[in-house]
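J.: Dumping the structure here so I can ask a few things about it.
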Amino acid sequence: MEQKYEQFKGQPRLPKSVVPKRYGIKLKPDLASCTFAGTVEISVDVVAETKFIVLNAADLTVSRDGVRFTSGAKVLEVLEVQLFEADEIMVVEFSDNLPLGVGVLCIAFEGTLNDKMKGFYRSTYEHNAEKKNMAVTQFEPADARRCFPCWDEPACKATFRITLEVPTELVALSNMPIVEEKRDGIIKTVHYEESPIMSTYLVAVVIGLFDYVEDHTSDGIKVRVYCQVGKENQGKFALDVAVKTLDFYKKYVALAVHCIKSSYSFAEVFFCALQYYVFLGYYLYFAEPYSLPKLDMVAIPDFAAGAMENYGLVTYRETALLYDDKHSAASNKQRVATVVAHELAHQWFGNLVTMEWWTHLWLNEGFATWVSYLATDSLFPEWKIWTQFLDEITEGLRLDGLSESHPIEALWRLIMRARLMKYLMQLAIGKVHLLSACCKAILVRNAFSCGPLIALFSFAGLGWKLSKGELFSIGEEVDSRSTTNLMSSVSRALASYIKQYSCSNAKTEDLWAVLEEESGEPVNQLMNSWTKQKGYPVVTVKVNDENLEFEQSQFLLSGSHGDGQWIVPMTLCCGSYDVRKNFLLQGTYESLDTKEFLLCSHSKGRLAETGTWVKLNVYQTGFYRVKYDDELASRLRYAIETQCLSATDRFGILDDSYALCMACQLPLASILTLMGAYKEELEYTVLSNLISISNKIARIAADAAPELLDDIKLFFINLFQYPAEKLGWDPKQGESHLDAMLRGEILTALAQFGHDVTQHEARRRFDAFLNDRHTPLLPPDTRKAAYVAVMQNVSSLNRSGYESLLRIYRETDQSQEKTRILGSLASCPDPDIVLEVLNFLLSSEVIFLFVRSQDAVFGVHVGIKGRETAWRWLKENWDHISKTWGSGFLITRFVSAIVSPFSSSEKANEVEDYFASRSKPSITRTLKQSLERVHINAKWVQSIQTEKHLAEAVQELACRKY
């Protein structure tokens, strides 16, 4: 049957009749007119009879005369060229069927350097007091088609030869080194080496005025950091991290060899074995050396994502790459290190072995995330980065606790249509973390307490034994032969997987398959419940005589009952970390005899009578919530007060309890009482979460129990006095990186809660800063606290603090300082000032005085008193916002930040009615999730309002002095 154009429309994938093998791309951007012209010559393999070539193209102009196809000496006649913008495809029809075999497709095209931060776009900067444009690419997930016609799918890998025609004074970068440069007057033509085989989303071009700093790895790889002229010193920290990270990845395997040679107890041997698998597996990746002769990293002023792992040319927001020790906070330094390590890990995980389709992106991100934290921990062990990674899994849990969540293997439509990369990242990080639940007694955290592979290995080997009823405790020894056999089996599986898919594409099932083949265990069955269904369980535990009884059900923040069921890797300890059990909860119910616990812990009597604490999800290695009965919860509060639990477990108990309270499964008085047990907490990650939860409770209390709000804030102020007094305002000689970050967060919280002493001291230091930007009284780590304190006292009648902050914003060229100020401005309680701040976000002042598109979202997180103002502003400016932020993920931040804080069904209905005729694919999912959060808040408000004895509990807590 004759093919018709219509059959190509509305399809999620391109036809496979023609396969690209090699691209020759020439681009000529005009930075003055913000346009570009180009040609692409694509060597293809025609593998099936067809008279059509279908490839991707969007926002490009292509004429019939600009398309040519040759096969050998034969030139085929082009009948018609059709561009279908809705489907972002280009269909070329020929007079005859294409000859099978090798052919060459040539296309001439034109396009616009857009301002949407995707495809081939323009970014603005200032040089010698003059506004300039640079040309930048951002192609993930599917925007290479906006730069040149191509098969814009990750599985359609090819090699690329790039040629750029640019003004001679500009720096022109691409994935590969320059092989030749020819000058013709004021124009130069730059030719680059041909790339290794890679996907289109990894192709990159950057053209502009730049300075750079340079270094080399131990094996001679040239590494450069490019930034705006005059900022090169701010690239030195990222450069140092990059060079050391590449060297770390190269030397990775030595750690495993040392680990496995020693003799340890069962848990240590088990973990070392698992580490060995991971080290060996990653070593096999890293044993494939970094395949390019150079690595460039570039700071882009206008950049939507945090960073992009383009092969050999990694692009970043300035805040994710540049660090200035005079103006950057400790948290900024940490962000630079972790982002750089993550993007460099992608040079192997994602670039070398690439997911076959976006469905499988979660596994690539899991690999890269875990490895990047391992590298960061190696470079900066004092940061305790694995403990901090608990924040990442918390985001995943809160997102996946919504009914409007999504299985991570079914997100490709969201990614393609809405570019919701961060949404997938949060789910991927959390769900892959769950896979490591059987492994480690000593924390190595998230994406996987020890990474996705560790979990796979524990399930495929020793972990599978747990499902057959074999329970292990810390003191047991393990047969070295079985450990060696398991290591050998998994190592062979990884070697097979990597060898088979290196420089190619893989699916999630491909990894499962090789693990199943080598281990003989049903790995696929174990994993599917986590990757193919949304959500996760809450495990309820209670004491019944000598037994612990467990029940799993799907956890939903709405308090509703879901029907999901999982194979849950369970860990628990009883009274001590020396007494622990691991098992798989495969059904809805499970009962565990505790007599062995009591024997190991030297307790006498029944568990119900001993008062011994029981902690599930030890070290937070599983992706589930835990709900304890009242007796077990009381024992855990005492364990927290007496410092019996690790920081990760203290974090987990608090976070689970808050989530259960939000889902109306625990009373507010219960979570407030639990928070009181953290009165002497000093661990950064735990306190940071405590601060976050405090702010959220204060927000909901403002609607649910406004008469109690002052007492609740007083309780929080008293709770944070101990760490605040320990840290003070001024940095101490030799203090830790974490203390520097904690100081800023504690002081900011106290300022927001209205602590008079903190606000007064903040204003004093702020005044000193206005007079001298280099005063030691207000270093970068405490500036936000001072800025927030100043804005708490700003009003229409007292504008001086607000105007002073605007002046600082306009004077500085530091991106991190600008975002710090934007977030502080939004905290003002005066609605009139809030409106001014929101309007400022849309301002079009001259360069460096306006708010960059990617930064505007920092200014929309308003306080309780600014919610209605922000909602009215969003409606009045929606057309402009929709046009400016388009289909990218940034527009979702406006919707989420402004809609989610409401707490009435009436407001949810109003929002839904407004967007009924204004929604678009890029915000559909976010809007549904935001409305769900409003309904969750409304239900929570009703629950709090009917809670008995809440007032008495709050008043008692407010009177406590810590």
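Just so you know, glycine gets a Cβ as well, placed from its N, Cα and C.
From TrEMBL, here are the annotated features:
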{"type": "DOMAIN", "residues": "19-202", "note": "domain 'Aminopeptidase N-like N-terminal'"}
{"type": "DOMAIN", "residues": "284-409", "note": "domain 'Peptidase M1 membrane alanine aminopeptidase'"}
{"type": "BINDING", "residues": "HIS342, HIS346, GLU365", "note": "Zn(2+) binding site"}
{"type": "ACT_SITE", "residues": "GLU343", "note": "active site, proton acceptor"}
{"type": "DOMAIN", "residues": "613-935", "note": "domain 'ERAP1-like C-terminal'"}
J.: Near the Zn(2+) site, what residues other than HIS342, HIS346, GLU365 in the same chain have a C-beta no further than 8 Å from the centroid of the listed C-beta atoms?
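T.: Neighbours within 8 Å of the Cβ centroid, excluding HIS342, HIS346, GLU365: GLU309, GLU343, ALA345, PHE349, GLY350, ASN364, PHE367, ALA368, THR369, SER372.
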J.: Mind tallying the domain 'Peptidase M1 membrane alanine aminopeptidase' (284-409) by DSSP state, helix then strand then coil?
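T.: Reading the DSSP string over the domain 'Peptidase M1 membrane alanine aminopeptidase' (284-409) gives 65 helix, 18 strand, 43 coil.
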J.: Name, in the order they occur in the sequence, the residues of the same chain whose CB lies under 8 A from the CB of HIS346 (Zn(2+) binding site) and which sit 6 or more residues away.
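T.: GLU309, ASN364, ALA368 - these are the non-local Cβ neighbours of HIS346 (Zn(2+) binding site), listed in sequence order.
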J.: At the level of the C-alpha atoms, what whole-angstrom distance separates GLU343 (active site, proton acceptor) and GLU365 (Zn(2+) binding site)?
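T.: On Cα coordinates alone, these residues lie 10 Å apart.
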J.: Including all protein chains displayed, how many Cβ atoms other than that of GLU343 (active site, proton acceptor) lie within 10 Å of its Cβ?
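T.: The Cβ of GLU343 (active site, proton acceptor) has 26 Cβ neighbours within 10 Å.
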